[in-house]
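Enquirer: Structure incoming, see below.
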């Protein structure tokens with residue numbers, strides 16, 4: 001189970017590099033940058049959405065009657081959450097940095113495997129692209145005379161043109177399917193080979209001392225994280241409790257007033 005967890009982490013760490021390797025797009029972000037970007041977007045969305053709901057409730061009849069000053073409390077809560085993120089951020093970043101360092105050898109081996117597979121597969125991809133371009137050119141040659149015929153003829157020939165185009169399109173579709181099937185057949189052994197190499201790397205990882213070291217470091221990290229999180233969480237709790245207590249007091253007051261009115265009737 002530990003090997004699976006670490007393997008998933010390694011694949012996550014190497015994921016952007018592999019994508020950049022195949023697509024040759026912009027340089028990949030680090031894993032920690034991706035985590036921070038995702039977390040920032042998610043937390044900001046939650047805070048903005050939550051503040052909208054709080055604002056809507058506070059402007060409602062019930063909200064005005066309760067007079068809870070929810071927006072002010074919400075902003076205070078947001079500040080507490082921000083401080084919590086600032087305090088815990090360095091601890092989490094240190095964990096990711098250590099994980100990347102500890103698994104660097106495995107990522108390098110995986111990148112070598114990808115490079116090897118890409119080198120062997122590239123000729124088949126080039127051949128497929130060439131076949132595709134040939135089929136498109138062949139299709140264009142067949143269609144161009146029909147287009148000229150349509151321009152020269154009247155509208156009544158449109159149906160005839162469609163009938164002539166149908167078999168040409170079907171022929172192109174069938175030929176392209178054959179090329180795709182051929183490519184899939186040629187690439188299958190390399191897919192199996194890559195899967196076997198991954199299994200071999202994971203087996204090496206399982207038998208190495210890195211896994212035990214990682215488990216120890218992860219345990220130490222969680223302990224440190226817990227110790228540093230306690231004061232931040234207490235600060236967060238102190239920010240939330242006044243809001244909850246104010247809500248409870250005002251709600252109980254409303255219930256008492258409603259009970260008195262019912263008793264007086």
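Placed from the backbone N, Cα and C atoms, the Cβ positions cover glycine too.
What you are looking at is a predicted structure, and each value in this text was computed from that prediction instead of being measured.
Copied straight from Swiss-Prot:
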type	residues	note
MOD_RES	110	methionine sulfoxide
MOD_RES	194	methionine sulfoxide
MOD_RES	241	methionine sulfoxide
MOD_RES	243	methionine sulfoxide
REGION	68-265	region '10 X approximate tandem repeats'
REPEAT	68-89	repeat '1'
REPEAT	90-111	repeat '2'
REPEAT	112-122	repeat '3'
REPEAT	123-144	repeat '4'
REPEAT	145-166	repeat '5'
REPEAT	167-188	repeat '6'
REPEAT	189-208	repeat '7'
REPEAT	209-230	repeat '8'
REPEAT	231-241	repeat '9'
REPEAT	242-265	repeat '10'
SIGNAL	1-18	signal peptide
Enquirer: Using DSSP, break the repeat '3' (112-122) down into helix, strand and coil residues and give each count.
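Expert: In the repeat '3' (112-122), the DSSP-based counts are 11 helix, 0 strand, 0 coil.
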Enquirer: I'm trying to understand the geometry here, so how far is the Cα atom of residue 241 (methionine sulfoxide) from the Cα atom of residue 194 (methionine sulfoxide), in Å to the nearest whole number?
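Expert: Given the Cα positions, residue 241 (methionine sulfoxide) is 54 Å from residue 194 (methionine sulfoxide).
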Enquirer: Using a 10 angstroms cut-off on Cβ to Cβ distances, just flag whichever of 110, 194, 241 is the loneliest among these modified residues.
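Expert: Taking 110, 194, 241 as the modified residues, the minimal 10 Å Cβ count falls on 241.
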Enquirer: From the Cα of residue 110 (methionine sulfoxide) across to the Cα of residue 194 (methionine sulfoxide), what is the distance in angstrom?
Expert: 9
Enquirer: I'm checking region-level scores; what's the whole-number mean pLDDT for the repeat '5' (145-166)?
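Expert: That region's mean pLDDT is 66.
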